[in-house]
Amino acid sequence: MAGSAQPPAEGGGPDDGSLSGGGEAFGDRSLSQGLSVLVGLALCVTMLGLGCAVELGQLGHQLRRPVGLLLALLGQFVAMPLVAFLLALIFALDEVAAVAVLLCGCCPGGNLSNLMSVLVDGDMNLSIIMTASSTLLALFLMPLCLWLYSRHWINTAVVQLLPLGAVSLTLGSTLLPIGLGVLIRYRHPRAADLLVKISLWSLLVTLVILFILTGTMLGPDLMAHIPASVYAIAVLMPLAGYALGYGLAMVFKMPPHCRRTVSLETGCQNVQLCTAILKLTFPPELIGSMYMFPLLYALFQSAEAGLFVLIYKMYGRDSYKQDTLGEEEDTDISYKKLKEEEVADTSYGTVTAEEHNSIQMEPTQTAL
C-alpha cells in the first residue's frame, strides 16, 4: 500500500494501490457538508446517551476507588495505541492508512461495549465508568498519543497536516452533551433511561447509514483498492483489544463478569468519534483515502463482539448462574448465623409460667 497523501488530482489514480481513489466524491461541497452534519449529530446523540448513563453516586465512588479509571487509562491509551502502531509497522502501511489506524487506536471506548456488557452479564457500572472515564481522558491523552506515535511518519504530508488542535476542539465539544446527559440523569431518571436506549439504537442506525452512503458514493472501486493489509488490521485490532483487556483484568484479579466487561471496553472503540475527527478536521480531498478504516473497524468489532456473546450464551451462562446462586446461598447462611448470634446476645432472661397462673422471671447467663 504505497499510496501518496497528496490529493488525487496531483497523483494517485485508481491503479496506484492507494486509498485515494474515492477522494473526488468527498470533495463535493454539498455532499461533504451533509456527511459532516450527519456525523456531528450522531456524535452528539452518542455522547448525550453516555452522559445519561452516568450516575453521580457511582462517579463519586469511582473517584474514591478509581479502578475503572485506571483500567480505562491502561486499556485505551496504553494498550490500544501501541497495538495500532505495531500493526501499522508490521503491515508497512503508508502514511494515510497509518494515520487512520492510529486515530482509531487512540480513540476512547464506545457505547457498543455498554450494550455488549449487558448481553454477557457484565458489570454495567464498571462498563459505564470506563467509557465515561476514557472519554474524559481522551481530551488530553488522545492528542498526546497521536503526536507520539505519528513520529515515524513525521516527514509525510498527511502527518504534517495532522490537526491536533482541531482534534482537541472536537473532543472538547463532546463535553457539552455529556454534561447535559449527566444533568438529565440527576433531574429526570426516566427520561435518561429513554435517551440511553435511543443513543444505542442511533449507534447502529448511524453505522448502517454511513456504510450505505459510503458504498453508494465511492462504489466497489474504492473497496477494491483497499489492500488486504487494511482488512487484516481491521480484523486483528479489536481481537487484540479484547484479549489484552481480559488479560489486564486478570492482572487486577477481577471476577469473571468484570473480566468480560474490561475485555469489551478495551476492544470497542468510539468509531463515531474517529469518523467525526476524520470528517471534520481533515481536508475533504484526503477523506476518501482515510474514511473507510473506522467503518471497517466498526464492522469487525461488532461481529467479533457478537461472536463472543454467542459463545457466552452457549457455554458460559450456566457457570455464571451457578456462581450467582453460590453467592446467594453464602449470603443466606451468613444471615441465619447472624440472627442466631443476635438472639443469643440479647437473651437477658426467660419467662416461665408456674402454677396458680403466676409469672416469674428467671435470670439466665448472657452469652458473651
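Note that Cβ sites are derived from N, Cα and C of the backbone, with glycine treated the same way.
Feature annotation (TrEMBL): of 1-23, 323-345, 346-368, the stretch labelled region 'Disordered' is 346-368. Contact between the transmembrane segment (69-93) and the transmembrane segment (126-149) is present: at least three CB pairs lie under 8 Å, with pairs separated by 6 or more positions in sequence.
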